Every structure is written in C-alpha cells, then in structure tokens.
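Enquirer: According to TrEMBL, the protein has these features:
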ACT_SITE  Asp102  active site, proton acceptor
BINDING   Asp6, Ile7, Gly8, Asn9, Ser10, Asn11, Ile12, Cys13, Thr124  ATP binding site
BINDING   Gly100, Ala101, Asp102, Leu103, Thr175  substrate binding site
BINDING   Asp121  K(+) binding site
Amino acid sequence: MILLIDIGNSNICLGVYKQEQMRTYRMKSFVDKSSDEYYLLLKNFITESVEDVIISSVVPQITSAFVKLSQQYFEVTPYIVGQKLKTGIQIVCDDPKTVGADLICDVVAAAQIFDEGLVIDLGTASKFLYYKNKTYLGAVIAPGVAVSTKAMVSSAALLPHMELVVPAKVLNTATIPCMQSGVLYGFASMVDGLIQRIKDELKQPHLKIIATGGLISLIAPLCKEKIDQIEPDLVLKGLLQIYLKNKN
C-alpha cells in the first residue's frame, strides 16, 4: 500500500493507494502536533502495512513530523516533491524552486487529462495554473475563500461568523445571506473573470479548464464560464504519478 500525503495550510489530504484503487481522507493541519500525534490520527485510516510514502507539502513544520513518523512507524523514508524527484514536467518561471509542491502535482495530473489547460485550485489560496505540453508556464495566486471570509469577519466588529452556504439569490436582505452571497457569488465571479482574462491574454478562447480544491463543489456550479472537468483529488493523483516515475 502506498500512502500519498498532501499537506496544505488548512488541511492534510491523504490517499491510500492499493491494487490500482485509491481511498481518500482529510484531516486538519496543525503545526504544533508531533509525529506521534499525527500517527495516532493516521491509524484511523490505515489498517495495512505501508510500502512507501510520498509527500507534497507547503508547511515545512508538518513535513518534518510526517517524515519522522514515516521512518519511525512505517520504516520508510518518504519521497518529498521538490527534493530532486522526477516529475515529468518542465517549470518555466523566474525561480522554479519557489513553485509550490501542490502546484507541481496539480500540473502533473492535469497534463494526463489535457495537453494544454488551466488548472483552478481553490484552497487556502486560489491558484490559476497555465500549462502546455507538460510545461508549467505561469500562474495567478489570489486569497482563498476561507482566508477572505475570516479576514472580513475578524476585521468588522458587527459581522457574525457564518457557514458557507449558497443563498438562493444574489441580492439579499439579511446580513448572513448577504455575506454568503458576497463570498460565494463573489468568488465565482472572480473565477469567471480570471478565466476570461487568461483566455484573452493567451488568445485561447477554447482553453480547457480543470478545477480542484476543497471548495470547488460550492463555487463551480455558480460559475458562468465552462469548467471542462472537476477533479477533487487532483493533487493526490499528481502525487501518485510522481511516485510511479521515481519508485525504481
């Protein structure tokens, strides 16, 4: 069994891959948890022996905990994206070392679906990644839905906390649905606007769009631009592809 670990700022997504089947799980990210504490959480998902571990991470403190638990409890040294692993893609940017491991995994997986496309990954940050012929060619990075909501509520004394639920209308008369509309329809409009601007800049009106991320199921139905494919586990699928390229 191969354990795929995607460590994000808000959540850790896990993939348990065995016999060409993948089960996925999710847990919260905590920078202060020890390797032992994370292992106790992992035990809820893992009942078989672990053959290998591969990690994509944007949180170095948590990476260290998972490296330690992999060595201590699974007796394997994990593969880590960004540490001299073959990915099968080229990165064209000012400093390739600054491109996040999650973005690399997104593009690796997306390149298996379309030769050219735009990946929209809505997580702690909202990422728009353009690639062509297995080459990462540029991105847009904006605040994420949860980050923006938290900033709004914490900065305005009279605004209440709220659940992210899509209101029936864009215009509303009560505070909470007004806020929900602003966040969700607002982000859908940002997605639409950036898709259109990127298509215009590239002169690619039929550019394929792949969407992923924890909140994509809320945002995608509100978008007017066509999203060609939704892949909730795109990073994990990219991790698997990278593992298969490096296991020997």
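Every residue, even glycine, has its Cβ placed from backbone N, Cα and C.
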Enquirer: Is it possible to get the count of other C-beta atoms within 10 angstroms of the C-beta of Ala101 (substrate binding site)?
Expert: 24
Enquirer: In Å, how long is the longest CA to CA span across Asp6, Ile7, Gly8, Asn9, Ser10, Asn11, Ile12, Cys13, Thr124, which the record gives as the ATP binders?
Expert: 13
Enquirer: Could you say whether, by DSSP, Leu103 (substrate binding site) belongs to a helix, a strand or a coil region?
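Expert: Reduced to three states, the DSSP call for Leu103 (substrate binding site) is helix.
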Enquirer: Write down the Cα-Cα distance for the residue listed as 'active site, proton acceptor' and Ser10 (ATP binding site), rounded and given in Å.
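Expert: Cα of Ser10 (ATP binding site) to Cα of the residue listed as 'active site, proton acceptor' measures 13 Å after rounding.
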Enquirer: Taking the Cβ of Asp121 (K(+) binding site) as centre, how many other Cβ atoms lie within 10 Å?
Expert: 27
Enquirer: For Asp6 (ATP binding site), which of the listed recorded positions (Ala101, Asp102, Asp121, Thr175) have their CA atom within 10 A of its CA?
Expert: Ala101, Asp102
Enquirer: Rounded to whole angstrom, what's the largest C-alpha distance between any two of Gly100, Ala101, Asp102, Leu103, Thr175, listed as binding substrate?
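Expert: Across Gly100, Ala101, Asp102, Leu103, Thr175, the two farthest Cα atoms sit 39 Å apart.
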Enquirer: Please report the distance from the Cα of Ile12 (ATP binding site) to the Cα of Leu103 (substrate binding site), rounded to the nearest angstrom.
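Expert: Between the alpha carbons of Ile12 (ATP binding site) and Leu103 (substrate binding site) there are 15 Å.
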